[in-house]
Amino acid sequence: MRKIAIYGKGGIGKSTTTQNTVAGLSEMGKKIMVVGCDPKADSTRLLLGGLAQRTVLDTLREEGEDVELDDVRKVGYAGTLCTESGGPEPGVGCAGRGIITSINLLEQLGAYADSEELDYAFYDVLGDVVCGGFAMPIREGKAQEIYIVVSGEMMAMYAANNISKGIVKFAEAGGVRLGGLICNSRNVDNEREMIEAFAAKLGTQMIHFVPRDNMVQRAEINRKTVIEFDPAHSQADEYRTLARKIDANEMRVIPSPLEIEELEKLLIDYGIAA
């Protein structure tokens, strides 16, 4: 089983990218579990047809310790298994701790057992803050492979660089590696070239450039992935291509994060900060 975590700054399109990629992989016959590690609990919505899933933390709060796997795991599009860790009540507690609690519970309940015959476990992780809890999938070796969703916008690249620093910190102990950058385009000038250059400086690859298309929003309004909503659309093929590239990817690196001056120079060289 490959354990993959998707990181990236808030609002960059991590959950959308993850769910569409998972839909592409499940079309290829892969068995996948998606674990949402974001207090918003929107990491599985499109796979479940908009069904608001009861989170692990809510279930624990309401049921106590007496929880079955089916209480916290739902079956979504093409047989994908969907779980949301959820978060604490606003203003109380630490969302990062919630992720730790959730993943530990899933392990205890046998969600990762060989009998489940999983090909992939995907963690969709809130990514601006590489605080202890959110870094947990990396730190504890729960995920071995990281993909960072990025765009040509300054804050997205800044967050990606920070996440890379987190990977370096835990790479030696946990064996975690960076698999590549996924560029979720915002139609910034010279975006593709800039992210390719950024990836090269980090020592990794831009595994795929996902063009911006309103079909993504249209599918989301209909509570579906693009692959389910309009399978013949060119955007569905983009996600299928990304899924195939991830499935075939053997590049795993410990990244070399940039100094802030280098990052700013990159932005200036490609015209965004001019």
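Indices start at 1 and increase along the chain as displayed.
In case you wondered, yes, glycine gets a Cβ from its N, Cα and C as well.
Record features, source Swiss-Prot:
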BINDING   GLY8, LYS9, GLY10, GLY11, ILE12, GLY13, LYS14, SER15  ATP binding site
BINDING   CYS94, CYS131  [4Fe-4S] cluster binding site
MOD_RES   ARG97  ADP-ribosylarginine
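Structural mapping of features recorded in Swiss-Prot.
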residue: GLY8; record: ATP binding site; CB count, 10 Å: 28
residue: LYS9; record: ATP binding site; CB count, 10 Å: 24
residue: GLY10; record: ATP binding site; CB count, 10 Å: 14
residue: GLY11; record: ATP binding site; CB count, 10 Å: 11
residue: ILE12; record: ATP binding site; CB count, 10 Å: 24
residue: GLY13; record: ATP binding site; CB count, 10 Å: 21
residue: LYS14; record: ATP binding site; CB count, 10 Å: 25
residue: SER15; record: ATP binding site; CB count, 10 Å: 24
residue: CYS94; record: [4Fe-4S] cluster binding site; CB count, 10 Å: 14
residue: ARG97; record: ADP-ribosylarginine; CB count, 10 Å: 15
Can you tell me how far the Cα of the residue listed as 'ADP-ribosylarginine' sits from the Cα of SER15 (ATP binding site), in Å?
20
Residue pair ILE12 (ATP binding site), CYS94 ([4Fe-4S] cluster binding site) - Cα distance, angstrom, rounded:
23
How big is the Cα-to-Cα gap, in Å, between LYS9 (ATP binding site) and CYS94 ([4Fe-4S] cluster binding site)?
19
